[in-house]
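Visitor: Quick one: structure below, then a few questions.
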Amino acid sequence: MARIFEYFVVCGLGPEIRTLDGNKGYHGTGVLYLPSLLDQYPPDNHSLYPPPPPQLPTCVLPAGVELFSSGFDANDASSFPRSYPIVLTEGDGSKIYVSCIAFRDPVSEDIAEAYHIPANSFADKCICLVSRSPSFRVLRNALEEIFTLCFSPSGSSKPLWDVIAYMVSSVPLPMPGRDRVLFAIENWLLCVEAPPKEGLPHVDISFQPLVQCLDVDNLIKFFTAVLLERRILLRSNKYSILTLVSEAICHLIYPFRWQHVYIPLLFFSGVDYIDAPTPYMMGLHSGVDTSNLAMDGVVVVDLDYNQISTSEEIPPIPEPELSSLRSEVLKLLVPNVMSIDQMKAGVFGSSEQYFKGCNKPWGDDHDLQLRLIFLKFFASILGGYRNFIENSATQVFNTQAFLRKRSRSTNQPSEPMITQFLDSHGFLDYLERGAGSDENNINLLDKLQDAIGRGQNPISILPSSLVEPEIITISDEDVGAGSGAKYTYDRFPSNIRSEEQEQKRKQILAAASGAFEYIKHAPSSPSVQVGKDSLSPMERAAERERMVLDIKVKLQGLWLRLLKLGATDDPLSSFEYGTILALIESDAEGIGGSGFVECIREHIHSGWHCQLTDEQFIAVKELLKTAISRATSRNDVSTIRDALEVSAEMYKKDANNVSDYVERHLISLSIWEELRFWEGYFDNLMEHSSSKSTNYAALVTTQLILLASHMAALGLPDTDAWYVVETIAERNNIGYKQLIKLRGFLSHIQVRIGYWGTTSVKAQSMSSHGLSSPRSKDVTDENQQPAEASGVGRSWVQSMFSRDSSRANSFARVHRWTSDSTSAAKENGTPRKQDLSAAGQKKIQTNVRVLRGHNGAITALHCVTKREVWDLVGDREDAGFFISGSTDCMVKIWDPSIRGSELRATLKGHTRTVRAISSDRGKVVSGSDDQSVIVWDKQTSQLLEELKGHDAQVSCVRMLSGERVLTSAYDGTVKMWDVRTDTCVATVGRCSSAVLCMEYDDSTGILAAAGRDAVANIWDIRAGRQMHKLLGHSKWIRSIRMVGDTLVTGSDDWTARVWSVSRGACDAVLACHAGPILCVEYSTLDRGIITGSTDGLLRFWENEEGGIKCVKNVTIHNAAILSINAGEHWLGIGAADNSMSLFQRPQERLGGLSGTGSKMSGWQLYRTPQKTVAMVRCVASDLERKRICSGGRNGVLRLWEATINI
């Protein structure tokens, strides 16, 4: 029978002490240390039980371990024991429930002695009960009894760990609705049972903390944000409140489930997770500082102060459901909960009247009523939804038909909240779970809708409890049967350790003690220190593995859901694909990429047959390419090697069901041209070979065959591949005869037969295995003789036995890394030179500077042209400024012409993140999340004016002629300001939602603005009228560009649209990207359009007689394109992975076709700087000076000056 308690765990200060920053050793009482798993039952060597989650110690002590000079003090509340629950989520979405008690316990004597910790010191310790059942109350009660028994003056009749062992191993998990289990801890009787499965899901918590922390309006707003799957951050100074509120809101959205990252109590060092791009629900202690984080779009729910804040609008629940829900909740709360609501509503005239009606404490029946209120809300807002499920087998839901029906019944247009909810993963998951269900298993939502239709009481849908549960009594016969001895403790005791555990502990402490003594007697050597820099390779690997586990939880669940997508779903546009891609791209340490590769490997080893649809194949291929590209930029050879092997295993598993294979598509990556990679791969194969006892030459040959198999599958040219094989063979002293045998074997490659079987080949059986070719699809007869079956075999022979004097350069594309230049300087007595073209030489000679000064992420960048700085620096050739804004609330002006002292001025005045910057010859204007616009004097850096009038964060600013400023904000307004009078001249435009982008033509007075309402609005400011509302996009419009009568918009719906400003009509839809379009640009000279998307593609579009078509795709960037700036002959590009590029349109030469004019396909890549790993948030270009500047999340600006030979 299953057990209710899976583990009893003790966490605290372990024998290997390390600070949260990674520094080893003891560093005083004011420092926080990493918690370790100290003891557990069942023990870790128990083969029947899986180990507890590896992240458990970090999660149960989220702040880390602190040391104190004293223990429990009745006069110090901070020293009191704390009891709180936490919830962990595994990769498959299942939850682990943990009850914790944290307290101060004396530091072990051996640890104190080894690290020279002062005597009688105390440290945080946490005891935990772990369960798969959400039985919070019994977990808490049992744990509190164990804690009380340990420190009770009367003691216990058995050793404490014997009591724990009996409780964990003996108490069964009750059958829902059938069993009630009674068990005792010493003399304390405890009970556990579970309700029937036919009712509401089992929840063993009270909903009272939720309704006490938030008033009704904020509760409904919080509920809406969860339904719409926003990024949600809960804040409180109590751990227990964070978990209880998170669990309560997850139960209130029943029958829907939260589908995304769920961390009710986030450990303090994981605060950077808040900037994750995907939906999440996290809880964070109020004491953790988040001021340096961007927090864009995060819904922050402050449970201590009843406040909800967010930079993105949360659409309200429509009427009449909103009023009904609010009224029902108020009716339940007012008589039972003393909270903010009745004071706001003025329900009672005096406190005396309140206390007369408030004589019944909150209990389980109130929890049930609250859950039914929200279930009735879903029954109302989704009324008749079953009629719009078009296919009962696949649960295809006709969203548009349902919305039209609802609009007719309410006489209201389609509500954004309903539309977004029907598109959520929670609703789609609900439909999928309902597919194939029979009439006997109708969910409670359907039952409630039917009951309301029949006029029945909603309570009638719940199962009746007429049958009393069976009592199961668990008794410990050893209690009271002993000698009468009592066991008392002055600290929480340690469990009995095995000899191996004890020996390992002694070795760690001995090493720590030796390191301390060495430092003590060698203080003059600054290079000797116990810290992060002294970590051994094994310790660094352990640190990396710990970080991999944090992200792997997300990757495993996303990977499994990606494989379960239906036949009609497009994986490339799915949430799962986008999130995995974001985890791979946004991680500078490479954990996302290596974790994703490892996730696939584990899935293959668990029995996955690797059967992919064509669409899934494309998605997996692109993800692996991205992972390898990111690993290449970090020189992470192990991840590249693992990804290559995983792609081979996928083909080996499913050679008949996949018409193509992943590995061949990886040929586009440059890493395969690196000889060092293949040498490192060969060394790894030799190191991990299981046949080290065999003949050395045969072992080398076997591994070279495996290398050749990968190169053939990649599609590497035969001459290049043989060059690698021959070079490695010669360096391993393979004799001429063995080399001839290897050549002969590789010349007889069998197509398709046994291709991936070479991993276990033996020297004596090599002839029975063959190598496949990427051109295998051209061969139809698999039974032909090996020598005749493959043209590849013949080409191998020709390349291997060629006596061309240029053989040393046959692998010209295989560029050597710097460290190998000496060892491979010569081949056959002649130097080998890299084949670098003149263009390649240009790309290396670039100048990149790093500008530091901000303390937060860069959120705005603006380029000041040479003309605008004339008054300040004169007619200098290199004149031009960059102005940056950051989450540190500051604006900084940079002058690139002054090397080493680029920072010209710091402008202080904003109180929140700076979002937008503009300037003219004399002034700088900036807009911020603090809803203000500030005008500065560019020369003196003085604050001139502060313009206030917006009701939300400012998104765009534009400095105009005549001392005017144009601003837009998330309140949906566009305002014109007069700087001289410090007043708002007029609200010149008004949108129905937040404005994200705007364009203004000062010569005509035409204003265009767009944003979250997916509508592009055009106004004639001078005439004071709105010209057009351009409808067509289905999602947010992120970018806009207006030149003359042409307007171009880019949207999250993966399309760009070209509009006529005068006619208000859409002239073209540009739909070739595989992600949201973040930037658009218009090339005036040839009337062409350039678009950049999150798919990393840059597309060039050209006007032709038949319309607009894409004439060129550029794939040099691997992340979202953030900025496109086009001039007459130059084009600057910046991407989120910190890659930049400069394109040139060569000027017409004599004799050229000057009559035809330049075309979009004429843009040519001029230069790209060497890319460094960083997460970029904004980019600005100065094409006149050939400069591109990027602003990173780490607060660093990277300035690239492509000024060589220009």
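Keep in mind that glycine also has a Cβ here, set from the backbone N, Cα and C atoms.
Small disclaimer: the values here were computed from a predicted structure and weren't measured.
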Visitor: Looking at the ranges 817-841, 917-941, which is given as region 'Disordered' in TrEMBL?
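Guide: Going through 817-841, 917-941 one by one, TrEMBL gives region 'Disordered' for 817-841.
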Visitor: List, by number or range, the same-chain residues at least 6 past the repeat 'WD' (992-1029) whose CB is under 8 A from its CB atoms?
Guide: 312-313, 952, 955-956, 958, 960-961, 966, 968-974, 976, 1035-1042, 1047, 1049, 1051, 1053, 1059, 1061, 1064
Visitor: What counts of helix, strand and coil residues does DSSP assign across the repeat 'WD' (947-987)?
Guide: 0 helix, 26 strand, 15 coil
Visitor: Averaged across the repeat 'WD' (1030-1069), what pLDDT does the model get? Just tell me the whole number, please.
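Guide: Over the repeat 'WD' (1030-1069), the predicted model scores a mean pLDDT of 90.
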Visitor: Please give the sequence-distant neighbours of the repeat 'WD' (1030-1069): residues at least 6 beyond its ends with Cβ less than 8 Å from one of its Cβ atoms.
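Guide: Distant Cβ neighbours of the repeat 'WD' (1030-1069) are 573, 996-1001, 1006, 1008-1012, 1014-1018, 1075-1082, 1084, 1087, 1089, 1091, 1093, 1107-1108.
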Visitor: Tell me the residue counts in helix, strand and coil for the repeat 'WD' (1070-1102), as DSSP assigns them.
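Guide: Output for the repeat 'WD' (1070-1102) reads 0 helix, 19 strand, 14 coil.
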